[in-house]
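I have placed the structure first, in the form of structure tokens, so that the comments after it can refer back to it.
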Amino acid sequence: MQVLGEFGFRLKTETMASASTPTYNSNNLENNSSKNASRESLRMEPLADVPQLPGEERITDKDIIYICPFNGAVKGKVSITNYRLFFKSFEVDPAMTLDVPLGVISRIEKMGGASSRGENSYGLDITCKDMRNLRFALKQEGHSRRDIFELLFRYAFPLSHSLQLFAFLSQEKFSENGWNVYNAILEYRRQGLPNNKWRITFVNEQYELCDTYPTVLMVPFKAPDEDLRKVSAFRSRNRIPVVSWIHPVNQAVIMRCSQPLVGMSGKRNKDDERYLDTIREANGQTAKLTIYDARPNVNAVANKATGGGYEGEDAYQNAELVFLDIHNIHVMRESLKKLKDIVYPQVEETHWLSSLESTHWLEHIKLVLAGAIQVADKLSSGNSVVVHCSDGWDRTAQLTSLSMLMLDSYYRTMTGFQVLVQKEWISFGHKFSSRIGHGDKNHADADRSPIFVQFIDCVWQMTKQFPTAFEFNELFLMTILDNLYSCRFGTFLYNCESVRDNMEVKEKTVSLWSMINSENGKYINPFYTKESSRVLYPVASMRHLELWVSYYIRWNPRIRQQQQNPVEQRYMEMLALRDQYLKKLEELQISDSPRIANNSNSPASPTQLVHHVQTPL
């Protein structure tokens, strides 16, 4: 067990088994001479209790000083493996540790030079993707940081150095196979599809129609594959409107796609116009098809200059267009940067509310939630909708998945949420590799953006407003985000299914859901109450939204967030106590089975007998 200690980092409360001394990973260095030089300069005395996963190999150990932003300089040893950076202090009792997967690292910079003056002015600055920065100081003589910088840079950004991501080196085994969680045809069948209005098409089986879409698509029954090919030519990245979800009662559907290629000249495409009308006709209750464009109006107009645009009323007379004013990936990236500035390393105390407001983070959360509420409400009233942004893989995924979460209680279960993520984000081509920058040194890449983090934040907001409606707890969401960056699993690697197939991700890596489903007890919300038909409408108001403190500010020791809600913790203790009584009762039943057999042909089960036992519950 690990808990947050005085310094806000994981403090060991149990003695870890000492790892055997590893051999130096010479295969990953250019030549033997550099290996020997590194071995000499980096002092390979092993740090005995570094945790290691199957397939993880130690690269180096080195005495170093961690410049803790809360407690000053702390002497210790850093160990670098092909998966993590692990620091353990020498003089602090209990020991301070840092355990940072290398995939979390966004940037590594040298601090100071050989002639720098001042104590601890020479070393490394490490910027992480999970809201924290790390600073380490080394001795100035003998270029002591050169080798550790080069090795850390090499293994933190393996794709920039022709190395494999750790997920392909991991040898972890779990009792559950997370790759089996999602099957597109089975999920459509759960929804009641296909039917006489909607059909499955395999026109994209070889990714010929759209290289960022999955192979299985749900389309109008009346739309032949030839029409789909014509429509794809008029949609950005060939991402045609396809079914994400169908209402079980009124049969209204959520369609997702990308923007039409209208351009400055206002081009029209009769096949696209007819296709959207076919979507409208498939549900007789839809007098007008509502198209939700996630962008601000001005952005959609500006996209015309680059060949994009939106569905004009003249061309799409049986549709109404609604702009949802959600900003693009660049605005979201800058917003999160501003949030990081006010929460790490020091929390802005004197003007906290105005500082938080200036980041606009909660305002963006509000707009995403408000847009999803509009989609869900339109579906509930019996009207089909089409949802898109520019290319249909960022804001579109946010809106479709959140509205489905509101409408369908299945997605609020642990398995159902995994299906939702696999379907709307992974299968339909959210660009995880570009947005997160897995294994890539280009930290200033304009494609990076916290779109998926923002989605999980919206889910967390819903769990706060509806604490009994979700089967999973906060730890589940935080585990997903931590492994979004870690590169320990193959789940979030690469930009789309076609690339994952080519890289054989399912065959060569482990799914995050394998780990979660093999130990799902700790991710369960004990207050969960199953309600099959309830639609959730969260309040998308700044007065009701909160900053997710236990995620964004968890590295700050002055934020005294408890690891677990005390009520939830007590409830879990009661459940454990109940299980103990059931076990004792079962043992008593077994020992008394001859007597029970004489009195009854069918012995009662422990759960049937439990009401006879007096417990302190």
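Positions of Cβ are set from backbone N, Cα and C atoms, glycine also.
Pulled from TrEMBL:
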- 20-48: region 'Disordered' (REGION)
- 25-36: compositional bias 'Low complexity' (COMPBIAS)
- 178-552: domain 'Myotubularin phosphatase' (DOMAIN)
- ASN328, ILE329, CYS389, SER390, ASP391, GLY392, TRP393, ASP394, ARG395: substrate binding site (BINDING)
- 359-405: domain 'Tyrosine specific protein phosphatases' (DOMAIN)
- CYS389: active site, phosphocysteine intermediate (ACT_SITE)
- 594-608: compositional bias 'Polar residues' (COMPBIAS)
- 594-617: region 'Disordered' (REGION)
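Structure with TrEMBL features highlighted.
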residue: ASN328; record: substrate binding site; Cβ neighbours (10 Å): 18
residue: CYS389; record: substrate binding site; Cβ neighbours (10 Å): 28
residue: ASP391; record: substrate binding site; Cβ neighbours (10 Å): 19
residue: TRP393; record: substrate binding site; Cβ neighbours (10 Å): 27
residue: ARG395; record: substrate binding site; Cβ neighbours (10 Å): 29
Largest pairwise Cα distance, Å, within the listed substrate binders ASN328, ILE329, CYS389, SER390, ASP391, GLY392, TRP393, ASP394, ARG395? 12
What does DSSP give as the helix, strand and coil breakdown of the domain 'Tyrosine specific protein phosphatases' (359-405)? 32 helix, 4 strand, 11 coil
Report the residues of the chain - excluding ASN328, ILE329, CYS389, SER390, ASP391, GLY392, TRP393, ASP394, ARG395 - with C-beta within 8 Å of the mean position of the site's C-beta atoms, for the recorded substrate site, in sequence order. SER258, ALA294, THR396, ILE451
Averaging pLDDT over all residues of the domain 'Myotubularin phosphatase' (178-552) gives 96
